[in-house]
């Protein structure tokens with residue numbers, strides 16, 4: 001692999017600062033975490049988007065959350081077909097090996113992946129429909145939900161509603177995994193749906209009884 | 001989706017604390033990020049492990065890193081077969097839509113996924129070999145590299161070497177993506193391999209010339 | 001004292017969140033509490049165990065409970081011998097200076113201190129019998145009660161019964177303090193014994209008439 | 001023990017509310033904590049004062065902090081004399097059995113115990129000097145530090161300085177315990193001194209280099 005480069009200097013500098021402060025302050029705890037293993041209380045499925053920091057929002061330090069991040073915080077349906085399924089592998093590890101108590105799906109405003117899915121559904125994104133488009137194929141997980149928001153005229157409002165549908169779709173797909181269904185039935189695991197507004201810092205949770213999102 | 005539950009109170013409390021401090025202090029910036037979109041300098045591919053916080057190690061704030069996290073920070077080979085590929089979708093979005101300048105793969109010590117792959121390679125993990133094991137199927141991405149470390153007797157040292165091979169495997173697989181190869185050739189993108197020791201806070205980078213990891 | 005270190009950053013962040021929310025919302029009340037002094041209605045004697053939060057269980061805010069926490073929520077017998085007695089000092093201050101109306105002893109399941117006492121009573125914990133073992137010497141307060149549960153074969157049931165005996169022992173020892181006996185006789189103070197199951201969230205109280213614990 | 005009474009109704013009501021909400025939301029985690037045992041990251045030694053809630057200040061949920069509370073957050077010097085030492089037992093359990101990474105002493109403003117020690121040192125509190133006064137005997141742990149603040153004329157300022165000396169005295173006494181000294185030397189444990197202003201919500205930490213308290 002002769003294409004890898006050394007780390008840019010500004011990141012080396014920041015790492016050295018962390019080593020001398022954040023690491024040094026917590027050395028004992030990090031060593032225990034290394035020796036005894038992690039015991040995270042929750043798994044979070046969040047978007048790769050650089051503007052969404054679940055650890056900041058919840059003041060979480062090393063060891064608290066097992067975090068999977070993908071485009072648009074999507075969970076595909078259960079499909080044990082022998083292929084590589086990164087999201088399903090992360091969920092399986094969290095629930096069956098780490099036995100997390102909470103599984104949180106965190107959606108967000110201004111999601112580029114969700115917008116791409118809208119464009120695709122409206123026939124405005126032929127490049128995403130190509131078989132070779134990984135983003136297009138990935139967003140097909142969400143596409144069936146588009147009918148729920150197809151009638152909304154205002155594009156901004158439509159996108160914000162569809163982002164919440166992405167959270168609901170993931171929650172629904174999670175329940176298709178046998179090990180999740182049984183853990184939920186056994187009251188060993190609870191699912192939670194959240195949506196955050198990047199610009200306003202607001203946080204909403206999915207209320208299953210009313211089938212809508214409410215301010216936290 | 002009638003299985004979702006409200007957020008536990010301790011997370012609500014912490015969120016409210018962040019809203020009043022971390023968010024309030026940065027409101028103008030977060031609003032700009034929301035309106036103008038993200039422009040991350042780097043994509044980081046890291047593990048879901050709760051003990052690895054790339055934002056802490058590099059003192060990164062909202063907007064800096066586009067982060068994908070999966071089991072063992074693995075990148076599968078390029079396979080445009082029309083299936084859902086979460087990792088490939090995240091990489092495609094980062095490189096072709098966001099045009100990040102750096103793509104960093106961050107491995108780490110005590111990786112449960114890598115250990116599972118070792119167990120599988122040694123014939124000690126029949127449950128991971130089942131077709132229905134998502135973790136097992138996912139770790140097959142790394143399995144061909146096992147021959148590089150098969151002769152190491154000390155199991156701790158073997159795992160630490162194999163964790164570094166997971167980084168190298170991901171770097172190699174990244175280069176099989178045509179849009180990455182061309183961006184690297186055009187000097188628009190550079191790849192970086194890192195490995196961190198959770199307990200000691202050490203950081204190593206992959207030196208392509210010597211084909212080994214060196215302390216940062 | 002050149003061994004003290006600054007506070008870890010994650011606690012600084014959380015403190016700042018509390019200052020901007022929990023404190024800010026209650027500033028007037030906290031200032032009154034500071035100026036006029038505390039006037040708690042009850043003293044609670046609870047275990048140091050991190051899983052037992054008496055303020056959560058009873059929704060108690062600042063100013064309500066005067067709380068002493070030690071290993072296994074034990075009260076030693078009255079012994080005015082001039083030595084340092086931390087538990088007795090806390091009780092004296094609560095009853096004679098603050099004149100609390102209730103004195104609550106709260107025991108709990110899975111108590112490590114109580115288990116240590118069982119191990120000691122069965123001759124399985126020589127390290128706790130050493131004169132230098134503070135935990136061993138402290139648990140001797142409870143040891144005489146072991147005969148009440150010595151015949152129970154199931155170790156889990158034995159521990160749960162002994163945890164309740166720790167509450168009864170503390171209630172009995174409280175009555176050996178002259179200032180408590182007289183306050184109880186004058187109907188200025190009432191004693192209460194509780195036991196909580198950490199995993200199930202159950203709460204039982206000691207019924208003095210039947211000499212047994214009943215569900216609250 | 002025929003003096004114990006049932007729990008007052010208002011506490012029963014609050015407990016039932018917590019069981020249906022706070023407990024129900026976290027049931028899975030509390031069951032894991034019960035089954036697998038606690039693994040607190042820090043021990044906190046705090047005052048019994050009803051106005052000091054360390055769990056609120058640091059947004060800590062069940063399982064995070066092992067908490068000992070006594071009058072004036074004092075630690076006596078190491079004294080393995082075979083007597084009951086509740087504070088020493090709590091510290092021994094936290095450091096040797098639970099292997100906490102941080103040991104935090106939290107002092108506070110308007111501390112009644114510290115004021116009693118000042119009164120005693122000035123000869124204004126004969127009742128505290130009686131051999132039978134548990135509070136008086138307990139506060140003798142702090143008394144030698146009075147010379148550090150004896151010259152301060154303003155009684156309010158004198159008390160606030162002495163409260164901070166109580167934290168320093170406890171930190172010093174902690175280092176007289178062989179198992180603490182060795183854990184600190186082995187970099188497995190760090191000590192921290194804090195002082196909080198109840199009315200203002202301020203928090204200061206002890207800076208060992210400058211030998212003074214600084215705002216967090």
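Think of each number as a place in line: the chain as shown, counted from 1.
Just so you know, glycine gets a Cβ as well, placed from its N, Cα and C.
Copied from TrEMBL, the annotated features are:
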| type | residues | note |
| --- | --- | --- |
| BINDING | A:47, A:49, A:108, A:111 | Zn(2+) binding site |
According to DSSP, does residue A:47 (Zn(2+) binding site) sit in a helix, a strand, or coil?
strand
Pick the one among the binding-site residues A:47, A:111 whose Cβ has the fewest other Cβ atoms within 10 Å in this structure.
A:111
Using DSSP and three states only, what is residue A:111 (Zn(2+) binding site)?
coil
Among the binding-site residues A:47, A:49, A:108, A:111, which ones place their CB within a distance below 8 Å of a chain C CB?
none
Over all shown protein chains, what is the count of other CB atoms within 10 A of the CB belonging to residue A:108 (Zn(2+) binding site)?
24
I'd like to know which binding-site residues lie near chain B: of A:47, A:49, A:108, A:111, which have a CB under 8 A from one of its CB atoms?
A:49
Within 10 Å of the Cβ of residue A:49 (Zn(2+) binding site), how many other Cβ atoms can you find? Include all protein chains, please.
28
Environment of A:47, A:49, A:108, A:111, the listed Zn(2+) site - residues of the same chain whose CB lies within 8 A of the CB centroid:
A:46, A:48, A:51, A:52, A:72, A:73, A:107, A:109, A:110, A:112, A:113, A:114, A:163, A:198
